[in-house]
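Chemist: The following block contains the structure, expressed as structure tokens.
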Number of protein chains: 2
Amino acid sequence: MTTRKYNFNPGPATLPFESLQEAQKELLDYHGAGMSILEISHRSKEFEAILAETKSLMRKIMGIPDTYEILFLGGGASLQFTMVPMNFLTKDKKADYIITGSWSKKAHKEAKLFGQANVAATTEVDGKFRRIPKQSELKLDPGAEYVHLTSNNTIFGTQFQTFPNIGTKPLFADMSSDILSRRVDVTKFGMIYAGAQKNLGPAGVTVIILRKDLVSKIGANIPTLLDYRTHIEKDSLYNTPPVFPIYIMKLVLKWVDKQGGVDAVEKINNQKAEILYGSIDKYKDFYRSTVDTDSRSKMNVTFRLPSEELEKEFIDKGAANNFHGLKGHRSVGGIRVSMYNALPLEGIQKLTEFMKKFKESH
Amino acid sequence: MTTRKYNFNPGPATLPFESLQEAQKELLDYHGAGMSILEISHRSKEFEAILAETKSLMRKIMGIPDTYEILFLGGGASLQFTMVPMNFLTKDKKADYIITGSWSKKAHKEAKLFGQANVAATTEVDGKFRRIPKQSELKLDPGAEYVHLTSNNTIFGTQFQTFPNIGTKPLFADMSSDILSRRVDVTKFGMIYAGAQKNLGPAGVTVIILRKDLVSKIGANIPTLLDYRTHIEKDSLYNTPPVFPIYIMKLVLKWVDKQGGVDAVEKINNQKAEILYGSIDKYKDFYRSTVDTDSRSKMNVTFRLPSEELEKEFIDKGAANNFHGLKGHRSVGGIRVSMYNALPLEGIQKLTEFMKKFKESH
């Protein structure tokens, strides 16, 4: 086997190696069923148990009360950009969108098809975002059905450090890229949704956590598969769910639980951030952060080098040193270090050693 | 390892064992990438190659001309029940739906939300379907945008033996449960779509084959992720696709190709059908077919026994003899034998021996 790389990809991303090993071990015969998990019916007792365990691990790890539904759907978080307004907006209704990057812009664009989607705040300057808006910048509409935000911005490297106070209106958050990375008070949210392919598992499944009292607010004439009620009524089994991605999510959640849950994982994420931002700050004339200090993401760290040539060299030398996926998103360039839960602390320690050497040799 | 079962599940269903073995072998390190396929970026050269190969194998095996797009989307075939009319119908437009079972009924129900969805034919009697309509029964609307049908009915065990002549209008077919099981002239269709979890791979990905000239007929103001044009423009990479299910599909298509393609597979499917329907016909007082002879499915064979008690005994004794998943769909009862491409001929030979013994002992 090739040496396992430090995988700094923004998602799909690195997963716990022991979860992968477990999946490999039981791939041909799932728990003595005489068939692979890839062949097992979504209506089998085996998959029912997987679904129940995945859900109960989500509840336990995130502290999700019984007043919230948990759904596992296909289509990606991008489909939620449509499903959210399709369920909760109509032409005569309004919603507030806080724009902090590409994903929230996309979510806002979809909402405009269904109702009045206000921009409650945007931190865009010349097509770029380097910060999260302050509470005082939010222009909230008292008549809004919900307020939508993206908790972490993979492309621009910013993250809500605390969540805004929006009064009694439901807060809807796309947490695709930082779910399970830190303790979050779920009861502050009306809905949380997340594509799995960062902290939860592989691509192909999206988790929706929806406060039960909001179900009565869902409108009429929504296509069956895009109506949250369909999936609530059938416990995510209305149609065939993405069985294998859910199964891997179960293994990843078991790993998180074994680490000591979200608090233990958060502690390591804080250490990783301290080490990496520490290096950036120490060599700030060479590694230039693209993000305001009070908006720094602990999941995706973005920075520039003095020139594009140096950036290319950094990425190439990094790759030669087993550091994979350091290239920034094509729309912004530069360097991006994505360090989700399963990226070991050691990976960041070694990367910062490499950064020091690289800086000193230039 | 437990003895591998003969898996007669209707989907998710049995897959080629050698594809599973290949997946297992390379699960921790994909082709020397130093990471698992579950961790690989959808924008990596590795996944680009997988996507290209999957597509080119689809083209080769099914004989799909360049005048057709091929897309790989999440959300299941049920999402296509919505996407099809969302893209091609509006309140002032019409479409014809041929109703032959539960799935076509569901597709028709969704279409009614978007435009005038006619019932061009239905073979429903007392909530059940035992046949495919004849050409002469079709009431086609000359103004219809398309005609929609379900090529094979997993629940009721019927299948279009040949496809109706509908003139110059585009024929849209949900082929989820018989795609790749027999030679089909793709050029007779405007669109073919199929959830993977029967003949193509695991649950979590849907293939769409769309005639290119129809793209110009797609309407306005469609949510981005539900607009076929979005995925055509970005070659199924607008958002993160279900990477792993597509990868497994590639392995399954490689297996089909190695068998000799769709013609070779069809030959075996014909043999399986001949053997199983042969047994049913031979013992027709005991095993009562629920389907008219000229509408029999070669993928899902449904029949009843003289009593529900005997059916239960048949299913239980079958399970004890390594025959898994013989129970009919909960909405119709009885027995269902699903025998997709990867179900070995030997499985049907052994099952019919079991049927003979079971009959003789009762």
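Count begins at 1; order follows the chain as displayed.
Including glycine, each Cβ sits where the backbone N, Cα and C put it.
According to TrEMBL, the protein carries these features:
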BINDING   A:ARG43  L-glutamate binding site
BINDING   A:ALA77, A:SER78, A:TRP103, A:THR154, A:ASP174, A:GLN197, A:ASN239, A:THR240  pyridoxal 5'-phosphate binding site
DOMAIN    A:6-351  domain 'Aminotransferase class V'
MOD_RES   A:LYS198  N6-(pyridoxal phosphate)lysine
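Looking at the shown structure, can you explain where the listed features end up?
Modeler: Under 8 Å, Cβ to Cβ, and six or more positions away along its own chain, A:ARG43 (L-glutamate binding site) finds A:LEU237.
Within 10 Å of the C-beta of A:THR240 (pyridoxal 5'-phosphate binding site) there are 22 other C-beta atoms, taking all protein chains into account.
Mapped onto three states, the DSSP output places A:LYS198 (N6-(pyridoxal phosphate)lysine) in coil. A:LYS198 (N6-(pyridoxal phosphate)lysine): 30 other CB atoms within 10 A of its CB, across all protein chains.
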Chemist: Using Cβ-Cβ distances, find the residues under 8 Å from A:ALA77 (pyridoxal 5'-phosphate binding site) that belong to the same chain and are at least 6 apart in sequence, listing them in sequence order.
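Modeler: In sequence order, the residues whose Cβ lies under 8 Å from that of A:ALA77 (pyridoxal 5'-phosphate binding site) (at least 6 apart) are A:TRP103, A:ASP174, A:SER176, A:TYR193, A:ALA194, A:GLY195, A:THR206.
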Chemist: Of these recorded positions, A:SER78, A:TRP103, A:ASP174, A:LYS198, which are close to chain B by the rule of a Cβ under 8 Å away?
Modeler: A:SER78
Chemist: Reported as an integer number of Å, what is the Cα distance between A:LYS198 (N6-(pyridoxal phosphate)lysine) and A:THR154 (pyridoxal 5'-phosphate binding site)?
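Modeler: Cα to Cα, A:LYS198 (N6-(pyridoxal phosphate)lysine) and A:THR154 (pyridoxal 5'-phosphate binding site) are separated by 10 Å.
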Chemist: Within the domain 'Aminotransferase class V' (A:6-351), what mean pLDDT does the predicted structure show?
Modeler: 97
Chemist: Just going by other Cβ atoms within 10 Å, which of the binding-site residues A:SER78, A:GLN197 has the emptiest spot?
Modeler: A:SER78
Chemist: Name, in the order they occur in the sequence, the residues of the same chain whose CB lies under 8 A from the CB of A:ASN239 (pyridoxal 5'-phosphate binding site) and which sit 6 or more residues away.
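Modeler: Sequence-distant Cβ neighbours: A:LEU225.
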Chemist: In DSSP terms, helix, strand or coil for A:SER78 (pyridoxal 5'-phosphate binding site)?
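Modeler: Assignment for A:SER78 (pyridoxal 5'-phosphate binding site) reads helix.
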Chemist: Hey, does DSSP put A:TRP103 (pyridoxal 5'-phosphate binding site) in a helix, a strand, or just coil?
Modeler: helix
Chemist: Would you mind ranking the binding-site residues A:TRP103, A:THR154, A:ASP174 by how many other Cβ atoms sit within 10 Å of each Cβ and giving me the lowest?
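Modeler: So among A:TRP103, A:THR154, A:ASP174, the binding-site residues given, the one with the fewest Cβ atoms within 10 Å is A:TRP103.
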